[in-house]
Structures are given as structure tokens and as C-alpha cells.
Amino acid sequence: MYQPGVQSKQKNPRVKVLDPDIDYSKAKSVHSISSWWGIGGIFIVLVVGNITSYANSHLPDGLRNAHLTNFPNAFIAERAWKDLKILNDFGPKPTGTYTNEVLAVDFLNREISYIDQLKNRNQQLLVQNQIVSGGYVGVYMNKSAANVYRNVQNVVVKLVGRSESSSRHALLLNCHFDSVAGSPGASDDVGSCAVMLEVLRVLSRQSELNRYSIIFLFNGAEETPLQASHGFISKHPWAADVRAFINLESAGSGGKEMLFQSGPKHPWLIEAYAKAVPYPYAQAAAEEIFQSGVIPSDTDFRVFRDVGRIPGMDFAHTANGYRYHTRYDSIEYIPLSVLQRTGDNILALTKTIANGEELGSTERYAQGYMVFFDFLGLFFVSYSADVGLMINLSVVLLSIIIPFLSLARSTSGTHGRQIRSETMIGFLATFLGAGASGVLAFFIGVQLDAIGRPMSWYSSMNLILGVYCCPALLCQCLVHLLCNRLFGNKTTPLSLALKVQARLNGVNLFWGMITLGITFTGYRLAYIFMVLILCSLCSSILISMFGLQNTVHKWLLLHVLFQLVALAWSTQFYHILMNMFVPITGRIGSSINPDVIIGTLASFAALFSCSYLTPLLFLLKKTDKLIGELVAITVIALVLASSTHVGFPYRDDAFKAPAVQRHYITHTVRKFYDYNGGERFTDSGFLLQELDRNAKKTIEGIAMPDVVTPMREISACKKELFCAIPFYSIWHQVLFENYWLPGPAPVVRQMVTVSLREKEQLNEHEHRLHLVLKGSFQCSLIIGPKAGASVKDWSLLKELPAPIEFNGQRGHFVLLTAGVESAPMNITLDIRHELKQYDGPLIDLLVTTTHWEYRKEHTPVFNRLLARVPAWAHVVPSVAAVNSYTF
């Protein structure tokens with residue numbers, strides 16, 4: 001065996017070999033490791049991934065009433081759970097229904113009165129029931145619509161603070177008790193209301209007053225969307241007192257509540273979170289992803305921030321997104337531990353903010369943005385974006401410079417060129433491997449879709465590891481081997497250990513460039529990559545300090561130890577991404593191939609998790625075992641995904657883990673009136689909405705033996721405004737494909753109607769239409785000007801939104817929600833026509849009334865159609881009446 005520092009007297013003596021490391025009796029490098037370590041490395045990745053999965057889902061035990069003696073000032077999950085059960089058992093609570101406007105409101109008022117009776121005598125509770133009307137223009141996915149509400153309800157409670165007499169500054173806590181149709185809304189969002197009731201209960205029983213008042217807003221119209229919060233912040237007298245808010249939401253069912261939006265600016269809120277919460281779960285990256293618009297949801301945070309100009313914090317439960325907005329969002333899936341964790345965090349945060357000096361002068365503390373994140377819930381890190389810039393820059397530069405200097409020192413500075421060459425090979429292999437694995441993931445996604453097996457991983461997320469992560473890792477390994485063959489120097493004087501460390505420095509260079517690129521474009525999520533690089537930097541520093549660069553396996557041990565931390569960091573994000581985006585693919589429509597989305601994310605996750613492990617394959621005596629295992633896993637996973645029931649996307653609740661396909665089916669009657677008010681014709685049928693890539697096959701099965709017609713191909717699309725489709729949400733139904741199935745008319749006993757009271761000529765080009773809208777139900781209006789005409793103004797809102805284009809037509813969309821029953825509504829429209837003294841028809845007006853919880857009125861034909869919906873699907877049935885007018 002050769003000794004370090006001794007020149008070779010065999011094999012090319014003219015080459016100065018720094019560390020001859022070939023054992024010629026075995027023809028292997030002394031730095032090599034057993035081929036089985038390749039398989040062991042995959043096992044280590046899976047073990048760490050399972051640990052982080054457990055950490056992401058682990059919750060504290062829930063406290064019960066029996067614990068009150070020992071914890072008199074604690075959040076008691078059992079009390080909150082009892083409140084949740086009552087709200088849950090009311091069933092679905094869409095705005096305007098009896099369950100929402102009467103049962104839920106009565107329960108909240110009754111429970112608040114009990115809290116008031118049992119409060120500490122030093123405390124003062126003020127309660128107001130707000131019934132409010134108003135509206136705003138909403139913009140979602142570049143489409144504008146008027147969002148008008150009438151008589152929606154808020155239950156508002158103020159826990160008066162010490163400063164009330166001098167400074168009425170207050171902290172706002174918000175939840176919503178309404179739900180979507182077909183869902184009890186246990187997590188979204190009456191669970192949050194139950195948490196707020198318990199927080200109010202605990203704070204009201206303490207003897208000492210909080211420094212500032214706390215306002216608890218239980219709002220009754222969030223899903224419609226964001227209407228009751230708008231009514232509070234724009235019209236309630238207490239709204240002017242609010243200086244900061246905490247919004248409690250859900251995009252899943254149970255699990256941890258994530259802090260995913262804060263501010264804007266106001267870093268003191270993050271500092272309060274860091275100081276207060278016992279169980280941190282927060283990512284600045286989630287904030288930037290959510291605000292990019294890629295997630296098809298929104299929260300009251302937008303209203304408080306944009307309309308009220310108030311800083312705040314947005315929390316949401318994101319686990320089990322399969323149950324979100326379905327019948328499975330029920331108390332059955334909300335254990336005490338979920339309420340306990342959320343309650344402990346929100347109670348502590350509320351007390352910290354309500355007693356801090358910042359709430360008294362929030363603008364003084366509006367000083368930029370914060371980078372924040374937790375590590376497996378073990379600890380929380382936060383610092384300013386300016387500090388983050390310096391940290392990112394320092395870590396990146398040091399991670400490249402220190403390993404290079406360390407390796408150069410180990411060669412006495414004589415082989416800098418070879419080290420640079422190996423570093424660039426490592427960078428190139430990582431870069432090309434990333435691109436190649438992304439292309440492979442795209443190809444697999446397209447092929448699975450082509451053979452009719454998209455979303456095979458939907459209810460079996462472990463399939464993603466085999467279908468996408470394994471091929472990505474295999475591709476990256478092969479690219480590294482190929483780059484080594486094409487660009488590697490077979491006569492390099494560097495030992496195998498030094499060569500691999502130089503290749504690892506190339507990985508540093510790859511992630512460093514990405515980190516700096518993201519940093520200098522102003523995004524804070526660069527910290528994700530910075531932490532990954534930091535783990536490598538720490539191992540490099542220790543290796544250099546102890547002079548382990550050219551040792552046999554000692555440097556490798558240090559590197560792997562720090563990579564365990566990096567794996568915990570990276571697999572944490574794998575679970576966050578998959579738990580968030582996999583369920584979302586079930587509600588993004590059919591036009592996007594979901595396998596491309598998930599495949600791309602999985603390919604990135606494989607690179608992110610294993611990029612610092614992949615170059616270690618050169619240490620293996622043989623790579624065939626590793627390559628063979630990756631190939632075998634990939635083949636098995638693809639066979640399971642494409643040819644077996646394992647790859648069937650959906651599951652019912654037989655194993656208490658439902659992952660359902662979503663459907664909206666609307667039984668519709670349509671009446672068309674001419675300019676003189678006479679009825680042109682009437683028809684009826686069913687509208688079926690396509691929410692995911694597989695929905696069309698299910699819809700066709702439900703309709704059999706009849707045949708459904710794509711919405712844009714029905715005869716009404718040729719001559720009627722917006723195809724006379726019962727649009728309840730312009731954002732969803734314009735973006736998604738819909739299908740029409742002719743059928744008998746539904747029973748619609750009450751509907752919204754519009755009549756012309758007066759037509760007034762303002763000048764030679766402009767007319768004013770005085771319309772009367774009768775009916776107190778959720779409805780939508782589409783106002784389509786005739787050729788040559790345009791809407792110049794209206795009485796619905798101060799602002800006139802831009803018209804929406806659909807089917808080659810332009811129209812203004814209005815979502816009109818009614819809470820408590822409302823009187824007839826007068827509407828004026830100012831219409832301009834390009835012709836002088838024009839006296840013909842000016843607009844087409846489409847009015848759609850939608851009845852969500854109308855099951856008692858379902859016809860036998862509709863019930864038979866609904867009975868054909870598979871058990872693994874969730875259907876939201878509704879009944880709609882469409883009236884088409886010309887004025």
C-alpha cells in the first residue's frame with residue numbers, strides 16, 4: 001500500500017501523485033466504500049424522510065376539563081371541541097341558509113353570553129351583532145368581478161383592555177363560521193371559531209386586564225368570498241380601532257396551523273410570534289408562494305390588508321387537503337390535539353401582542369420584511385430581509401472559497417487547476433442532471449396521461465417516490481457518471497477523496513448561483529437553499545480545521561453527518577410541497593396535466609435532497625447495485641401506477657383516509673325573454689363541472705346512456721349571453737370545462753327576478769335603466785351590452801370592473817349574496833350607445849339563482865343522477881334558475 005506523500009515509482013513516474021491511493025493487490029482505491037452503501041444511502045434518505053413526516057404531523061396531547069385544576073389559565077381543547085361539535089352538527093352552512101343565519105348565529109351569541117356570565121369581575125365584554133351590506137371589486141386570475149352582499153352577519157365581541165379610556169387601539173382575531181355547500185366546515189373554519197371562543201373564555205377569566213382591547217370577529221360570509229370581513233372593516237365602528245389582526249383559516253383538515261402570511265412589513269409581528277408560540281410552524285417561502293397566485297384560494301387577510309390597511313398574520317391548517325370543501329371536513333377528522341396545538345399558539349400570541357407596546361404605535365415598527373422559518377417545529381429563526389441578503393451572500397461565497405482553499409492547502413497549493421477542473425465538472429453534472437431529470441419527469445407525466453393514468457399518485461403519495469423521485473435520482477446519477485467519463489481526467493494527481501470533495505464544491509457553486517439569483521431578485525425564499533449550503537459549509541470548515549481532506553473516510557463521516565441535517569431540512573419541504581399541491585391537483589380543472597406539476601416538484605425535491613449525496617457514488621467500488629436498485633424501484637412503481645388498482649387515484653373513507661374526486665352538478669331551468677318581455681323559450685338540464693384531469697370519464701359514466709355535450713358546443717352558445725350557463729362563480733366556471741345534459745326541469749319555488757321600472761334618456765347618446773331585483777338568494781348577474789353599447793356607470797358599486805370575455809362576448813359579472821332576507825333592490829345602469837337617439841335594446845341581462853342546500857326539493861330524476869356518482873367521489877348538488885332578459 002502506498003503511503004501519503006511518497007511518489008509513485010510504478011505507473012507513469014513523471015506524474016506527481018499527491019496521494020497514491022491504489023491498492024494494486026485489489027485494484028481499488030483505499031478511499032472506496034462498499035457498493036452496498038449506495039443502497040444504504042437510499043435507505044438513509046427514506047428513514048430521514050419518515051422522521052420529518054412524523055415531525056410534520058406530531059401534535060401535543062389535548063387537555064381535558066379534568067386538567068383545569070392544575071392548569072386554570074390554559075387552553076382546554078375539550079371545551080373547544082364541544083363548541084366545534086355543535087357547529088359541526090348543524091351541517092353545511094352556506095351564507096343565506098337557515099343553518100348559517102339562524103342556528104350558527106344563535107349558538108355563538110348564546111355561548112358568548114355564557115362566557116360573559118362567568119368572566120372575571122374585572123373584565124368587560126361588549127357584544128354587537130352586525131348586519132351589513134356593501135361590496136367591492138374582486139380580481140382573481142386576472143378576471144374582475146363585482147362582489148356585492150346584502151345583510152350578511154357578523155358576531156363581534158370586544159374584550160376591553162386597560163387602554164380603552166385613553167387609546168382605543170385593539171388587536172383583531174378573525175374566523176368565519178359559514179361553510180361551502182356540502183361541507184360541515186369543521187376545519188374550514190368553525191374549528192377556528194371554536195378556538196377563538198376558548199381563547200375568549202380563558203382571557204375573560206383572568207383577573208388582570210390586557211393592555212389593549214381584543215376584538216373577536218366571528219364572520220358569517222367568507223366563502224362567498226370575503227364579504228363579511230369586508231363589511232366589518234369598512235363599516236363597523238370598531239374597525240377604526242384595529243391596529244393588527246390574526247386571521248385563522250384552513251386549506252385542509254386538521255394538522256398543524258401554518259403561519260403563511262404576515263405584515264406586509266411590520267417585522268414586530270414575526271418577533272412576537274418568535275417570542276410567544278410554543279409550537280412554531282412558519283415559512284416565509286409559503287407566504288411568497290401563496291401570494292404568487294399559484295394556489296387557488298384566498299383568505300380574509302387580503303381584505304384586512306388591502307381595504308383596512310392593517311398589518312396582520314394569516315394562519316391555516318394545510319394537512320389533508322383532500323377533505324377541504326368536502327363532506328369529510330367534519331369533526332370526525334379533528335382530534336383534540338389539533339385544537340390544543342392551535343389554541344396554545346394563538347392564546348400565547350394574542351396575549352403577547354395585546355400586551356406589547358407595538359400595538360400602541362404600529363407605524364413606528366413598520367421597518368421592512370422578515371425572513372422566517374422553523375426547523376421541524378424544534379426552533380424558529382427570523383431575521384430582516386437586509387440581514388438575509390448579507391447572510392446569503394456570505395454563506396454562498398464561503399461555501400465555495402473555503403472548500404477550494406482547503407483542498408488547495410491539502411495539495412500544498414500545487415494542484416489548483418485540477419481542483420478547479422473537478423469543481424466545474426461537479427457543477428456541470430449537477431446542472432445537467434437537474435435539467436435531464438426535469439425532462440424525464442415531464443416525459444413520464446405525459447406518457448402516463450397519454451395512456452389514461454394521470455394522478456395515479458393522488459391517494460397514494462408514496463408512489464411519487466417511485467414514479468418521479470427515483471427516476472430523477474437515477475437520471476442525476478447517470479449524468480454524473482457520463483460527465484465523469486467525458487470530462488474527467490483519468491491521470492489526475494488528486495486522490496479519489498479530494499476529487500469527490502471538489503465535485504461537491506461544484507454542487508455548492510450550483511446552489512450558490514441559485515441562492516444569489518433568487519436573493520437579488522428580491523425574494524426571501526432564498527433561505528431554503530442557503531440552509532442547504534450552510535450544512536455543506538459547516539462540514540467543510542470542520543474538515544479543513546482538522547485536516548481531514550485526504551483521510552480515509554473520516555472526511556466522509558463528517559460530510560454525511562451534516563447531510564443528515566440537510567436531509568431533514570430538505571425532506572421537510574418535500575412533505576410541505578406534496579401535502580399542499582397533491583390535493584390541489586384535484587381542483588385545478590382538466591386543462592393542466594397534473595403529472596407534469598407533481599413530476600416537476602418531485603424532480604426538484606430529489607435534486608434538493610440528494611445533490612450533496614450523488615457525487616459520493618464515485619466512492620462506490622461498483623455503481624451497478626445502486627443503478628440497478630433505482631431502475632428496479634422505478635419499473636415497479638411505473639407498473640403499479642399504470643397497470644394496477646394501486647394507481648387508481650381516488651379513495652372513499654373505508655380506511656378513514658378519503659381522497660375524493662370532486663363534482664358540481666347543477667339541475668337547471670332556463671327561461672329566455674325578448675325585448676318586449678315575452679317568453680322566447682324555456683329549456684332545462686344538468687350542468688356538470690370538470691374539476692380534475694379524470695373528471696370527464698366520470699361525468700360520461702354518470703350520464704350514461706345519455707351523452708353529455710361540452711358547454712361551448714351547446715346551441716345556446718351560438719346566440720345567448722355567456723351560453724346562458726348558470727355561473728355561480730365566474731372565476732371557476734369560465735376557467736373550467738363544463739358539460740350539459742338535457743333533462744326535465746327542476747322544482748324552483750323561489751328565484752331572483754329583474755324587471756325594468758323605467759328607461760330614462762340622459763342625453764342623445766346615454767340612457768339610464770332603472771331596474772328592480774326581487775329575491776333574497778345567492779345569485780349572479782351578467783350584464784352584456786349590445787353591439788354599439790357600453791356600460792358607463794352603475795349603482796351597484798362606486799367602481800365599475802372591467803368586462804370579462806367569454807365565448808367571444810364581453811360582460812360585467814356580479815356575484816350577489818344575501819344573508820338575512822332582504823327587500824327588493826333598485827339598480828341603475830347608465831348605458832352609452834354610439835348612435836344618437838337610439839331607442840332599441842341596450843343590454844342582455846342574465847340572472848342566475850343558485851340554491852345550494854335544496855335537497856328536499858330534488859326531483860326523482862336528479863336523485864337518480866346523483867345516485868350514479870361513485871362512492872369515491874364527492875358531489876355538491878345544486879338547483880339553479882337562469883332568467884335571460886333584454887332591456
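One is the number of the first residue shown, and numbering goes on along the chain from there.
Using the three backbone atoms N, Cα and C, a Cβ is placed for every residue, glycine included.
Worth saying up front: this structure is predicted, and the values here are computed from it rather than measured.
Feature list (source: TrEMBL):
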type     : residues : note
DOMAIN   : 154-349  : domain 'Peptidase M28'
DOMAIN   : 425-640  : domain 'Endoplasmic reticulum metallopeptidase 1/1-A TM'
DOMAIN   : 658-885  : domain 'Endoplasmic reticulum metallopeptidase 1-like C-terminal'
TRANSMEM : 36-55    : transmembrane segment
TRANSMEM : 389-407  : transmembrane segment
TRANSMEM : 427-448  : transmembrane segment
TRANSMEM : 460-483  : transmembrane segment
TRANSMEM : 504-521  : transmembrane segment
TRANSMEM : 527-548  : transmembrane segment
TRANSMEM : 555-576  : transmembrane segment
TRANSMEM : 596-619  : transmembrane segment
TRANSMEM : 626-648  : transmembrane segment
_the transmembrane segment (596-619) touching the transmembrane segment (460-483) per 3+ Cβ pairs under 8 Å rule_ = yes
*asked:* Looking only at the recorded stretches 36-55, 389-407, 527-548, 626-648, which one has the largest tally of CB-CB distances under 8 Å to the transmembrane segment (504-521)?
replied: 389-407
_Same-chain residues at least 6 beyond the ends of the transmembrane segment (596-619) whose Cβ lies under 8 Å from its Cβ atoms_ = 31-33, 37-38, 41, 45, 49, 426, 429-430, 433-434, 437-438, 440-442, 444-446, 457, 464-465, 467-470, 472-473, 476-477, 480-481, 484, 496, 499-500, 503-504, 506-507, 510-511, 532, 535-536, 556, 559, 563, 566-567, 570-571, 573-574, 577-578, 581-582, 585, 626
*asked:* How about long-range neighbours of the transmembrane segment (389-407): same chain, 6 or more residues beyond its ends, C-beta under 8 Å?
replied: 383, 419-420, 423, 498, 501-502, 504-505, 508-509, 512, 515-516, 519, 526-527, 530, 533-534, 536-537, 540-541, 543-544, 549
_At a C-beta cut-off of under 8 Å, are there same-chain residues at least 6 beyond the transmembrane segment (36-55) that contact it? List them, or none._
376-378, 465, 564, 567-568, 571-572, 574-575, 609-610, 613, 616-617, 619-620, 623, 625-626, 629-630
*Compute the average pLDDT of the predicted model within the domain 'Endoplasmic reticulum metallopeptidase 1-like C-terminal' (658-885).*
94
